[in-house]
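A.B. asks: Below is one structure. I have some questions about it.
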Amino acid sequence: MAPKQLIVAIEGTAAVGPYWKTIVSNYLDKIIRISNEIFSLVSSTKVNSSNFILLKGTNEAQKGLLVCAPKYLELNSYILGVDFLSLGWKNGLIFSSTAKKIPSDEKWAENGPRRKAKWWYSTFHTVTAMVGAGVLSLPYAMAYLGWGPGTIVMILSWCITLHSMWQMTQLHECVPGVRFDRYVDLGRHAFGPKLGAWIVLPQQLIVQVGCDIVYMVTGGKCLMKFMEIVCTGCTPIRQSYWICIFGGLHFFLSQLPDFNSVSSVSLAAAVMSLCYSTIAWVGSLNRGRTPDVTYAYKKTSPADSMFRVFNALGQITFAYAGHAVALEIQATIPSTPEMPSRVPMWKGAVLAYFINAVCYFPVAFIGYWAFGQNVADNVLVALERPAWLIATANMMVVVHVIGSYQVYAMPVFDILERTTTKRLSISNGLVLRLIVRSIYVAFTLFVGVTFPFFGDLLGFFGGFGFAPTSYFLPSIIWLKIMKPKRFSLSWFINWVCIFIGVFIMFASTIGGLRNIVADSSSYEFYS
């Protein structure tokens, strides 16, 4: 058997084009530096330019490859046991063995992100990911926080998450020639291959899976509300059945291969989010204040009030969820030295945050103004007239959460399929996609049917997953990688974001979990 070789690939022939030799020359020093950083973990071997030879194969798939000299192959036992493609060098530096990895690399390349998106793609993907069902619970959160604290938390959350979104766009290509296409890739670069995965991946999965569970519940409830309005004489159907009907649609949509495939769905969802948010606050404004409206804090026990306030923080946090898929969205945008991907991504993100503000603040403030402490956890439920408009708004929510479910599910599908392919050594194709994605949809459907507590789920997942990924984890990674000067403005702002985010995480997680337990005690499951 021929000796196995370590291969380092630059970008990929599609991205390199006719200039691959220049790129190889320019980035060889960076390859050596990064190689030594990795190799130092397992070996005392030092890599230098004499260890590499340039592969001059005529095969198009071989162009732009550097091959490590065989005498340094003592590292192979370690390299073959690690999926370097998941370490963040996916589109910059790919480490593999010629005996084992080249076929799987080619398959990976086929299923990797297609970098053809325009800047406005990032806008509607971000709007779809962020302006979700959480906007409808903002008046309910205001009811527990009150005018002063509620307004401060709303504005502060918008500013902090805009800042962390800017950090994410900058960190996507913080290493020249390397694109961190996944949140976990960036985490591995910041904290190391093992620690980075343990820090980032669980948080990201909590956000993505949590969102999909909440959207299952939201879609089912809004379908039920729609039918109750348009068909008053129809026989009522259980809420759990409506959630199953909504979930059934995703068994088909989940077979779409990637982000670019759901662009039209995502665009429709983004438009719907703006429309139903407008209906929510215009409907509240048109209805006016209810006769018995009061803005006093709800009369409950001190302990219950505290937990409800904690849960309200989580509900607001849930409304800023786009960071968990920000890098995956940016990965679809092409990048060149003249126009790095961070420029169009930030342009799209700013527009998305403007749309976010147009949706969030009027719904939160006008909804609370109209209903006070008696507002429902979904403000559309509190609106009853005109019936046709409320029915339309509920159907718009259904369309939106259809798109949002897919936006959050795509990164999970990618992780599940890559892991299954690696662990079971099976090919990545239609059969694998059908099985893995269907199991995931069934799981989120089951949890949503079992625990359909909209407001409590928002608070729990908002604190447990969204606070880290949107509020303080980007700041920690920024401090780790960019190393701003101590006590500088950047250093101070990042630490403030970290402290606020950590407090929200613990408080809203405790509040949401307690409320789920309390509400479960009086709920008839699968009703």
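Cβ from N, Cα, C; glycine included.
What you are looking at is a predicted structure, and each value in this text was computed from that prediction instead of being measured.
What TrEMBL shows for this protein is this:
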DOMAIN    116-511  domain 'Amino acid transporter transmembrane'
TRANSMEM  119-138  transmembrane segment
TRANSMEM  144-162  transmembrane segment
TRANSMEM  240-256  transmembrane segment
TRANSMEM  262-282  transmembrane segment
TRANSMEM  350-371  transmembrane segment
TRANSMEM  387-409  transmembrane segment
TRANSMEM  430-451  transmembrane segment
TRANSMEM  457-479  transmembrane segment
TRANSMEM  491-513  transmembrane segment
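Just tell me what is around each of these and how deep it sits.
C.D. replies: Sequence-distant contacts of the transmembrane segment (262-282) (same chain, six or more residues past either end, CB-CB distance under 8 Å): 117, 121, 123-125, 127-128, 131-132, 135-136, 253, 256, 355, 358-360, 362-363, 366-367, 379-380, 383, 389-390, 392-394, 396-397, 399-404, 406-407, 410.
Long-range contacts of the transmembrane segment (350-371) within its own chain (CB-CB distance under 8 A, at least 6 residues past either end) are made by residues 120, 122-124, 126-127, 130-131, 135-136, 138-139, 141-143, 147, 150-151, 154, 158, 162, 165, 270, 273-274, 277-278, 280-281, 284-285, 287-290, 293, 295, 319, 322, 379, 382.
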A.B. asks: Quick one: do the transmembrane segment (119-138) and the transmembrane segment (387-409) reach 3+ CB pairs under 8 Å, ignoring pairs fewer than 6 apart in sequence?
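C.D. replies: Answer yes: the transmembrane segment (119-138) meets the transmembrane segment (387-409) with 3 or more Cβ pairs below 8 Å.
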A.B. asks: Between the transmembrane segment (240-256) and the transmembrane segment (387-409), are there at least three Cβ pairs closer than 8 Å, leaving out pairs fewer than 6 positions apart?
C.D. replies: yes
A.B. asks: Give the nonlocal contacts of the transmembrane segment (387-409) in its own chain as ranges (CB under 8 Å, at least six residues past its ends).
C.D. replies: 125, 128-129, 132-133, 136, 207-208, 211-212, 215-216, 218-219, 222-223, 225-226, 229-230, 246, 249-250, 253-254, 256, 259, 262, 265-266, 268-270, 272-273, 275-276, 279-280, 283, 324-325, 380, 437, 440-441
